Amino acid sequence: MDKVMGGKRSYLAMKTDYAAANELITSDLKDVGNAVKKLANHAVKLGGLGFGTSFLKWVAAVAAIYLLILDRTNWKTNILTSLLIPYIFLSLPSWLFSLLRGEFGKWIALIAVVLRLFFPRHFPDWLELPGALILLLVVAPSFFADTIRGNIVGVFICLAIGCYLLQEHIRASGGFRNSFTKSNGISNSIGILLLFLYPVWALVLYLL
């Protein structure tokens, strides 16, 4: 009888241990599943933020180029558009920046310098600022091209350029109301406001 009771106790003990082990394994699997879900969610969020930053860099660069084009047409204003060159330098998307800073950009810079020096008649005035941009991209030290461009300092510089251009545009238009009501004022105002998208977004991400 004692042997039978001892066998039952051993069986119950083994069953209890087995159930406890199953619970531990199930709990561990749940923890792993939750960790994987969190990792996936964070990856999606970071990917979305990275895409947003890249997209806004494109918007900012296109807006700056748009303002340069306006400045060379009948929509010309008195704002200091040469500040758009360092803005484009700091906000240009990475792959395009690398392309223009490499051999491709060096060839363009060489052609621009040769035309400017030996064939000035074939080098129109509207190419002055684009030529300056190419030269800046090619010859800028790595401190500016790598450190400042990818740093919060570059973001603040872009933000400062946008603020300065906006206040200069409002003053040149004859007031805040005119800058958003006159036909030429609206076109420049939209372009300048678009300059704020990338630095403001980058600043928010930095603070978060």
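Each Cβ is built from the backbone N, Cα and C atoms, and glycine gets one as well.
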TrEMBL annotation of transmembrane segment - which of the ranges 11-32, 77-98 it falls on: 77-98
Listed stretch, out of 49-70, 77-98, 126-144, 150-166, that has the most CB pairs under 8 angstroms to the transmembrane segment (186-207): 49-70
